[in-house]
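Novice: OK, Swiss-Prot features for this one:
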| type | residues | note |
| --- | --- | --- |
| TRANSIT | 1-53 | transit peptide |
| MOD_RES | LYS56 | N6-acetyllysine |
| BINDING | ARG114, TYR122, SER129 | protoporphyrin IX binding site |
| MOD_RES | LYS137 | N6-succinyllysine |
| BINDING | CYS195, CYS402, CYS405, CYS410 | [2Fe-2S] cluster binding site |
| ACT_SITE | HIS229 | active site |
| MOD_RES | LYS289 | N6-succinyllysine |
| MOD_RES | LYS289 | N6-acetyllysine |
| ACT_SITE | ASP382 | active site |
| MOD_RES | LYS414 | N6-succinyllysine |
| MOD_RES | LYS414 | N6-acetyllysine |
Amino acid sequence: MLSASANMAAALRAAGALLREPLVHGSSRACQPWRCQSGAAVAATTEKVHHAKTTKPQAQPERRKPKTGILMLNMGGPETLGEVQDFLQRLFLDRDLMTLPIQNKLAPFIAKRRTPKIQEQYRRIGGGSPIKMWTSKQGEGMVKLLDELSPATAPHKYYIGFRYVHPLTEEAIEEMERDGLERAIAFTQYPQYSCSTTGSSLNAIYRYYNEVGQKPTMKWSTIDRWPTHPLLIQCFADHILKELNHFPEEKRSEVVILFSAHSLPMSVVNRGDPYPQEVGATVHKVMEKLGYPNPYRLVWQSKVGPVPWLGPQTDEAIKGLCERGRKNILLVPIAFTSDHIETLYELDIEYSQVLAQKCGAENIRRAESLNGNPLFSKALADLVHSHIQSNKLCSTQLSLNCPLCVNPVCRKTKSFFTSQQL
């Protein structure tokens, strides 16, 4: 029933690898070291084990009353196995992603049924998602730099607003209101805009104020996309070069770079969602920065169900390349800036281990996610600083509805942000 529903496909766009059947059950066969542990996997696993369970992103050092708040928006991910079911339930209840009959009853049923399999995936990557930890580290670095770059709008404070796990977007807004901020910046952590990611988070902000029946006490604006920011591009390029150097020197020029982004149902694309073009823009700028040293392709991961999605799919592309003798592959998560289930499980385990063995690949590695790279924190600070200096409420793109938009809330959200007074 679930896989046949076209409406469910929109929800699966956000859920991605979380809602897929694992390719393996239990322990997999031992893999060659280069397959099991890329630099990305080692760094992510080590950092998570030491820090993920102790980090409290909203707790920041005592300081002067904040003047400017930066709300870092993302889907989020369960930190523990016990949080998986609530995460899935909130996801299936999100009407920006899907509308179903008796949704309030069906969502808990679906979540409960999927929980054991998804918990197993999280168990395989250490017991939970590290995305909250990484967002906290990035936020700390960002506001420290912002206080130096923009003393007129300091002190700056970051807030984390997740859609499906705590701290929820609504909880973050309440904290921001209590803090008495003068200005609030909704800052999506997805470089490329999609209605199902950034759009859903911005809708949550509009809904919060609409439901409480009060106007904001702070002035809102938003950084709603940043696919070609120079420092973002530099970070990706640096991580690609670093990982390319781990391939045997005699094979290095043969490596195919596969930029992998979360796929999207074609029904969403055909409504005019700008996501595919913006991901392509990021890829183009990264390869331009690198000087086109290797062949490359943009591929799409996490397709679920029988309805058409953006392709080619990452796993099918890997199979096809190996069949054609291109067995040295570098995976680059181009739409994700922090490690989570789709990098640590789908790319590192499903593709780099299990699929690599099936295909007889020689070397499959993954470029490390941006995570704790100081240059990435500098990129975030520069984005916010430039946004403040521009005195703009949002990008010009945000004011344009998808030509075939079917969600009336999107129009109200756009009106909410474009009507703010700075």
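Yeah, the Cβs are placed from backbone N, Cα and C, and that goes for glycine too.
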Novice: I need the least crowded one of these recorded positions (ARG114, LYS137, HIS229, LYS289), counting other C-beta atoms within 10 angstroms of each C-beta.
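Specialist: Comparing Cβ neighbours within 10 Å for the recorded positions ARG114, LYS137, HIS229, LYS289, LYS289 has the fewest.
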Novice: Which chain neighbours of the [2Fe-2S] cluster site, leaving out CYS195, CYS402, CYS405, CYS410, have a Cβ atom within 8 Å of the mean position of the site's Cβ atoms?
Specialist: GLY199, ARG271, GLY272, ASP273, ASN401, VAL406, ASN407
Novice: Suppose we draw a 10 Å sphere around the Cβ of SER129 (protoporphyrin IX binding site). How many other Cβ atoms does it contain, all chains included?
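Specialist: Within a 10 Å radius of the Cβ of SER129 (protoporphyrin IX binding site) lie 30 other Cβ atoms.
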Novice: Between C-alpha atoms, which of these recorded positions comes nearest to CYS195 ([2Fe-2S] cluster binding site): LYS137, HIS229, LYS414?
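Specialist: Of the recorded positions LYS137, HIS229, LYS414, LYS414 has its Cα closest to that of CYS195 ([2Fe-2S] cluster binding site).
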Novice: Among CYS195, CYS402, CYS405, CYS410, the binding-site residues in question, whose Cβ has the most other Cβ atoms within 10 Å in this structure?
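Specialist: Counting every other Cβ within 10 Å of each candidate, the maximum falls on CYS195.
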Novice: Taking the Cα atoms as reference points, how far is CYS410 ([2Fe-2S] cluster binding site) from LYS289 (N6-succinyllysine) in Å?
Specialist: 35
Novice: Validating a neighbour-count step here. Other CB atoms within 10 A of the CB of TYR122 (protoporphyrin IX binding site): how many?
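Specialist: Counting Cβ neighbours of TYR122 (protoporphyrin IX binding site) within 10 Å gives 23.
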Novice: Expressed to the nearest Å, what is the distance separating CYS405 ([2Fe-2S] cluster binding site) and LYS414 (N6-succinyllysine) at their Cα atoms?
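Specialist: Cα-Cα distance, CYS405 ([2Fe-2S] cluster binding site) to LYS414 (N6-succinyllysine): 13 Å.
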Novice: I want to verify one value. Collapsing DSSP to three states, which class is HIS229 (active site)?
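Specialist: In three-state terms, HIS229 (active site) counts as coil.
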Novice: Using only C-alpha positions, which one of TYR122, LYS137, HIS229, LYS289, LYS414 is spatially nearest ASP382 (active site)? These are the recorded positions in the record.
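Specialist: Minimum Cα distance from ASP382 (active site) across TYR122, LYS137, HIS229, LYS289, LYS414 lands on HIS229.
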Novice: Any same-chain residues 6+ apart from LYS414 (N6-succinyllysine) with CB under 8 Å of its CB? Would you list them in sequence order, or say none?
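Specialist: For LYS414 (N6-succinyllysine), the qualifying residues are LEU398, SER399, ASN401.
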Novice: Look up LYS414 (N6-succinyllysine) in the DSSP assignment and report helix, strand or coil.
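Specialist: DSSP call for LYS414 (N6-succinyllysine): helix.
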Novice: Using the alpha carbons only, what distance in Å do you get between SER129 (protoporphyrin IX binding site) and CYS402 ([2Fe-2S] cluster binding site) once rounded?
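Specialist: Here the two Cα atoms lie 32 Å apart.
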Novice: Give me the count of other Cβ atoms within 10 A of the Cβ belonging to ASP382 (active site).
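Specialist: Taking all protein chains shown, ASP382 (active site) has 19 Cβ neighbours within 10 Å.
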Novice: Give the helix, strand or coil assignment DSSP yields for CYS195 ([2Fe-2S] cluster binding site).
Specialist: coil
